[in-house]
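Quick look at what TrEMBL lists:
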| type | residues | note |
| --- | --- | --- |
| DOMAIN | 148-232 | domain 'Ig-like' |
| SIGNAL | 1-35 | signal peptide |
Amino acid sequence: MAMPSVLLCNGCTPWQRLLFTASLLACWHFSTSTAQVTIESVPPQVVEGENVLFLVHNLPENLIASVWFRGLKITENVIAIYDLKQDFSAPGPIHSGRETVYRNGSLLLRNVTMKDTGRYTLRTINRHGDIVSTTIMNLHVHKHVMQPFLEISDATVAVEKSVSLICISPHDDNSFHWLFNNQSLQLTDRMTLTVTKRVLRIDPVRIEDAGDYQCEVSNPVSSKTSLPVRLAVVKG
């Protein structure tokens with residue numbers, strides 16, 4: 001196969017040459033290079049509204065272009081291409097105006113949203129038109145958690161009866177933790193948690209169960225604790 005490099009699109013504008021390159025990436029053959037390109041997320045945990053840099057390490061030498069695209073297939077998913085020979089970058093069809101590709105292959109994504117969560121792929125091409133490397137980066141964008149609300153089935157319960165406490169939070173994929181009198185709750189054989197840990201049930205209730213209960217919701221970037229709910233236990 002003839003070399004389909006960005007230089008072979010005679011009469012094309014720089015962007016047309018790069019788009020031509022991108023359209024042919026899927027059918028190019030791979031180089032036998034053993035280059036191990038790695039990508040580091042800076043920061044490691046990304047919060048909605050902040051910036052993230054996909055910092056590229058061990059970029060091979062003698063490259064002609066670096067291409068970033070969403071997902072695993074390049075067709076119409078190009079974010080941007082950096083032409084190392086011409087020393088400029090050009091936006092792709094899905095460029096949102098928030099992305100910048102640098103000469104070292106790194107990609108800056110500004111003001112990230114939840115929709116930016118997904119797979120990103122960096123592909124590098126050498127001067128012979130071979131694909132040197134294809135590296136995938138998975139991005140998960142987190143939201144700052146909101147304070148949960150704790151609901152109790154009955155604030156005053158007689159001994160030997162049961163009570164349920166429900167941690168209400170709009171977040172489905174976060175961790176739930178329970179506190180009793182400002183300490184981590186030590187579960188007894190009378191206490192059960194649902195699979196999601198949102199609901200705590202005590203059955204039967206004992207005098208020593210009286211006190212303040214709270215639930216904490218957390219994800220990798222933040223945590224919030226509910227206001228305390230007091231359980232009173234009376235003798236039946």
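Going from the start of the chain as shown, residues are counted 1 onward.
A Cβ is built for glycine as well, from the same backbone N, Cα and C atoms used for every other residue.
Looking at the domain 'Ig-like' (148-232) alone, the prediction's average pLDDT is 96. Across the domain 'Ig-like' (148-232), DSSP assigns 3 helix, 45 strand, 37 coil.
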